Structure formats: structure tokens, C-alpha cells
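These features come from TrEMBL:
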type     : residues : note
COMPBIAS : 142-157  : compositional bias 'Acidic residues'
COMPBIAS : 215-226  : compositional bias 'Basic and acidic residues'
COMPBIAS : 227-241  : compositional bias 'Polar residues'
DOMAIN   : 1-67     : domain 'PABC'
DOMAIN   : 141-218  : domain 'PABC'
REGION   : 138-159  : region 'Disordered'
REGION   : 215-241  : region 'Disordered'
Amino acid sequence: MDDEEQLEMLGEQLYGLIYPRHADMAGKLTGMLLELPGPILAQTLQDEAMLTEALDKALSALKLSKETSSELESQGEDEGSASSDSLGEQLYKLVDVYNTGLTEKITGMLLEQKKVEVQKLLSDPGLLEERVNIALKTLEEQSPEETDVSDSSDPDDTDRLGEKLFAVVQQIDAVKCADITGMLLEMDHGTLRQVLSDRDMLEVAVQRAQAALLEHDTHTLPDRQDASLSAGTQSAESTQT
């Protein structure tokens, strides 16, 4: 039996368990729970308590998604109407439904996007599911060393990511691409791969780096001017002597 047939069989079993409880939403809930990792899904089918907990999480996520969608409609296009902390909390609850064991990492990766994109994820379960799967796949492809946030990353892998990153950053800011690339390489490899695969996330990350560089230049410019003035004064004094 191939993976597709096995998934279909699990879906039928799951639907049969959910339908008596939530007949009007059985299809939607089945689809959501089928996104659970295989071992957890198999255990959920055998454990009544786990199934109940998973359904409660899915129902809460659907309710939260509807409430968020209504709020966004009433707020119109005002991106500043919702705080980043509030969006993060709502996104965390929705991502946690998938029981990936990586809720915090995936939420962090998704929050790298523009606020308006995060709001879309909160109001569109299908889009959220797609982004969660992309993030999960990215994290699963990492080696244990890359998953660890310590400094044990493979230098060769860092070089490859750096080359790819430099090429795309150069298209956005040809003048400061080297400095910006260096700053972005400070991210963990999972987040960095997500940034490379999502143009919106890349642009946001570049804008943040540009702002940091601008702030740094603003602070250092007076020091340079003072140094130049001091050097000019000393030169004038030497000439007079």
C-alpha cells in the first residue's frame, strides 16, 4: 500500500470517528487532523482522549480564524490596527493545532513575513496549512546540527546559503548587498531557507537590515566629523608652529 492509499484509508477511519460528533464539519475537521504527523495520527485513531483533544484544538482554531477574519474586515486595510504580539499569539494557537512539535519555530518563521501577510494566514486556513507545511518541510530537511541553534552549522552549507542570499539581495540593494547578506546570515539556517523561498519574507528582512545599517551610519557620522575636525585643527596648529 502506497502513502496515498494509506492516507486515504486513515482519512476514512478518521471521518467515521468524527462524523457522529460533528456531522456538519466532519469533512473540514478530518482534513485538518490529517495534517498531523503519521505516528501521532495513528495514535489519535486509537486513543479517544487524544482524538477529543485534537478536535477541540481544531474547533478552537476554526473559531479563532473566523473571529480574526471578521476583525480584519471591520478594520479594513489598517495594518497598524493589530499589534505584533497579538498576531503572534493568534498565529501560535492556529499552528499548534497541527501538533508538529515545532510550533514555536514555525510560528517564528511565519512571523518574519509582513504584518498584512500574517493577517491573511489568520483568516485563511488553507493558506496557513500550506505555509505550515512548507515551514515543516524546511525544518525536517535540516540535519540535527542545523536544527540546533548553536554555532555548529556546517561551514560549507553556510557558504552555499550565503551565495544564494547574496545573489537575491543584490537585486534589491546592489550597494549594500554584502553588508546585508552578512547580517542575514546570522539567522538560523531554517529561517534563512524560509526567507530564500519567500520573496515577501526576504524583502522584510532586507528592509530591517537596511534600517539597522542606516541607524548605524547615522550614529557613526558625527564621530567621523569630530575626528575630521580634530585632525584639521591639529594640522592647522602644526602649520602655525
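Quick reminder: no glycine exception, Cβ is built from N, Cα and C everywhere.
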Helix, strand and coil counts within the domain 'PABC' (1-67) (DSSP): 56 helix, 0 strand, 11 coil
Confidence summary (mean pLDDT) of the domain 'PABC' (141-218): 76
